[in-house]
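Listed features, source TrEMBL:
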ACT_SITE  HIS46  active site, proton acceptor
BINDING   TYR41, TYR90, ASN92, ASN138  tRNA binding site
SITE      ASN36  site 'Discriminates between blocked and unblocked aminoacyl-tRNA'
SITE      ASP117  site 'Stabilizes the basic form of H active site to accept a proton'
Amino acid sequence: MKWLVNIFRKEIPQGERHDKNNSEVSKKFLIVGLGNIGAEYVNTRHNIGFKILDHLAKKESLSFETAKLGAVAEYKVKGRTLILLKPNTYMNLSGKAVQYWMEKEKITKENILVITDDLNLPFGTIRIKPKGSDGGHNGLKNIQQVLNSADYPRFRFGISDAFKKGKQVDYVLGEWDEAEKAKLPERMDVAVQVITSFALAGLGNTMSEFNGK
C-alpha cells in the first residue's frame, strides 16, 4: 500500500527518530479513543473514538483488558509500543484516565493521540492537529484542564452537522444512518492507518499524508 511504503521511506531505522519539525520522538505511544461507557452508546456518533480502537484491536487480534480508569490493549509495530486506552470515566472526566496512563507509562504529551468526533467536518473526514482548542468537546476540554495544556496531538473524525436546530445532543448521541454505516468500515481502515503512521512516521508526516482525506 502506498501509505505504508511512504512511512517506511520516511522512517529513520534504529534508535530514536525525528519528524519534520525535528522533535525527538520516543518509542512508546498512548492512543486514546474518547467515548461514553454503556451498551446504549456503542454505535453512536459520539463514540467513534472507542469504535476506531475496537476496529484496530480486531485487525491486530487484540483484547482489551479492564484496568485502572479504562480498558487497555497493547501491541508493537516495528519496535514501537502502542497502548490503546478507552477511558471508563464519563466523557467529561476523560482527562483523569489520560493523565494516569501518561504518568504510569512515562509518555510525553507529544506521544499521545486523542481520537474524537467532530461536528464541523464532513462524515469520515480526517483532521490531525498538534494542538488546539477543545472545540466545545467535553472530553477534550477535560483533558486540557487536567493536563493544563492544549499542546497534545488530536485526531478528529468528521461526523458532519446534519441535524436540525436544537437537536445537536440527539444527533451526536444518535446512531449512524444507513449510508454512514455502509461507509464506516472503510473510513475506520483509514483511521487505523493514521494511528500506525503517527507511531512510525511522526506527527508532521501523518498530517501531510492524511489531513482532509
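For all residues, glycine too, the Cβ spot is worked out from N, Cα and C.
Features recorded in TrEMBL, as mapped to the structure shown.
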residue	record	Cβ contacts under 8 Å, 6 or more apart
ASN36	site 'Discriminates between blocked and unblocked aminoacyl-tRNA'	THR44, HIS46, ASN47, TYR90, MET91, LEU173
TYR41	tRNA binding site	GLY35, ASN47, LEU173
ASN92	tRNA binding site	ASN138, GLY139, LYS141, ASN142
ASP117	site 'Stabilizes the basic form of H active site to accept a proton'	LEU34, ARG45, HIS46, ASN47, ILE48, GLY49, HIS137, ARG156, PHE157, GLY158, ILE159, VAL172
Per DSSP, TYR90 (tRNA binding site) is which: helix, strand or coil?
coil
How many Å separate the two farthest-apart Cα atoms among the tRNA-binding residues TYR41, TYR90, ASN92, ASN138?
16
Centre the Cβ atoms of TYR41, TYR90, ASN92, ASN138, go out 8 Å, and tell me which other residues of that chain have a Cβ in range of the tRNA site.
ASN36, THR89, MET91, LEU93, SER94, GLY139
With every protein chain in view, what's the tally of Cβ atoms within 10 Å of the Cβ of HIS46 (active site, proton acceptor), excluding that atom itself?
23
Of all the binding-site residues here, TYR90, ASN138, which one's CB has the most other CB atoms within 10 A?
ASN138
